[in-house]
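Summarising the annotation, Swiss-Prot assigns signal peptide to 1-22 and lists sequence analysis as the type of evidence. Swiss-Prot lists 23-31 with the feature topological domain 'Lumenal', giving similarity to another entry as the kind of evidence. According to Swiss-Prot, the feature transmembrane segment maps to 32-52. Here Swiss-Prot flags 53-516 as topological domain 'Cytoplasmic'. If you look up Swiss-Prot, you'll see 58-234 marked as domain 'FAD-binding PCMH-type', on the strength of sequence analysis. The FAD binding site feature in Swiss-Prot is assigned to Thr163, Val164, Gly165, Gly166, Leu167, Ile168, Met169, Gly170, Thr171, Gly172, Ile173, Glu174, Ser175; the stated evidence is sequence analysis.
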Amino acid sequence: MEPAVSLAVCALLFLLWVRVKGLEFVLIHQRWVFVCLFLLPLSLIFDIYYYVRAWVVFKLSSAPRLHEQRVQDIQKQVREWKEQGSKTFMCTGRPGWLTVSLRVGKYKKTHKNIMINLMDILEVDTKKQIVRVEPLVSMGQVTALLNSIGWTLPVLPELDDLTVGGLIMGTGIESSSHKYGLFQHICTAYELILADGSFVRCTPSENSDLFYAVPWSCGTLGFLVAAEIRIIPAKKYVKLRFEPVRGLEAICEKFTHESQRLENHFVEGLLYSLDEAVIMTGVMTDDVEPSKLNSIGSYYKPWFFKHVENYLKTNREGLEYIPLRHYYHRHTRSIFWELQDIIPFGNNPIFRYLFGWMVPPKISLLKLTQGETLRKLYEQHHVVQDMLVPMKCLSQALHTFQNDIHVYPIWLCPFILPSQPGLVHPKGDEAELYVDIGAYGEPRVKHFEARSCMRQLEKFVRSVHGFQMLYADCYMNREEFWEMFDGSLYHKLRKQLGCQDAFPEVYDKICKAARH
């Protein structure tokens, strides 16, 4: 009884403090208090609910039976929109704060919201090596199910809450992408509802133009209702090697070399300064040396990027065996390294042991509670960007990142970009090795001004035929955007499928003016 009374007293004192100081003051200056007392428990409740729901739905096999009914309901909503005169554009009815991005789309308030309640795994076919899923299935759901039956996705993007729909309509990448490409390149079929309410299935051989135009289109060609994705046999562990490297030239040379070696299942780099990095390479295995087993995903373990940094500080190479699912979600607990700015003591051993089992807070709840003042502060003093550039331009790109934003650590993830139709492809006719440069944090460049600095960075990326991930703030104008992306097939299909009066153009959904 005494702990309950103490907790009640603490809660009462906190509420009185909030009343005196004001909620906005607390959310800005003591955000960690609000996050620890409210968002962490709420996030845990969300996770438990969705895990239990997904488990029950899959065990009862109810998702396939309900799927057709849900798709018909979406078709009905689209046809009703047409009957009512098609007065506004359509978009999904999913609230903007639920998406894994820093901003919320303004268009949700002005467009016709089509409710899409599709969040289940429909089928796992191990003979065809395919999993069929609905668009709101998360990576956490996928790994929980597939790994338990000995399978996995060839490319399984990092954060638990990333959804299949977001990874197709936007993009997704992981440290296996040097072998398999982006998330779109492991997809074998898409099912969509078009602007007229009709259903269509597209594959590389059936409705192929639409199949190649859907990725990166952000829901502006139709509503995704299901996807078929390749699966491969999984093993229990990842045998991961850590190698600290110093000197930018040596870093680029080592990273490029390891990215070209297809015997590596996983390749990743963490850059802690312009001339200090740790390059990691891994292979899946069922064998393990018990003394080198590291369950890095356990709640009491150090954050992964801090653990990796120790190899740099001690200037030693390392070899560890990490459980496969722990490896896939190695950056989840610390949201890469963003959580250190929200909970500064989050990696403290005492905090990890007492409260680490509730970490991380859900990104969607962080967005929902950030408030206008905090949003503006983040916009001017915080960067979250992923720029995709040819591997041959890595050194030049890292110098540009250093000069324009100066954010560390930097995430380096290689990927092969096939020469295929669509919004994103190499400049030549052959596949090319690219690298995702991820910068997340507070810029340390003097006199940082978000718009001018980011426009400078975007200009560089365009000049080397690179691409900007569309979840991030985009300061390009329309002409610059279509200089970066190949819109030829996309615009052809927009006209052919009657999308011009049904959905906004992709630029109008992702540009800075379209988000707040």
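Glycine is no exception: its Cβ is also placed from the backbone N, Cα and C atoms.
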Outside the transmembrane segment (32-52), six or more residues from its ends: residues with CB under 8 Å to it: 11, 14, 26, 138, 140-141, 144, 342-345, 355, 357-362, 365-366, 369
Across the domain 'FAD-binding PCMH-type' (58-234), average pLDDT on the 0 to 100 scale: 92
Which same-chain residues, if any, lie at least 6 apart from Ile173 (FAD binding site) yet have Cβ under 8 Å of it: Val155, Pro157, Leu182, Phe183, Asp386, Cys413, Phe415, Asp436
Around the Cβ of Thr163 (FAD binding site), the count of other Cβ atoms that are within 10 Å: 27
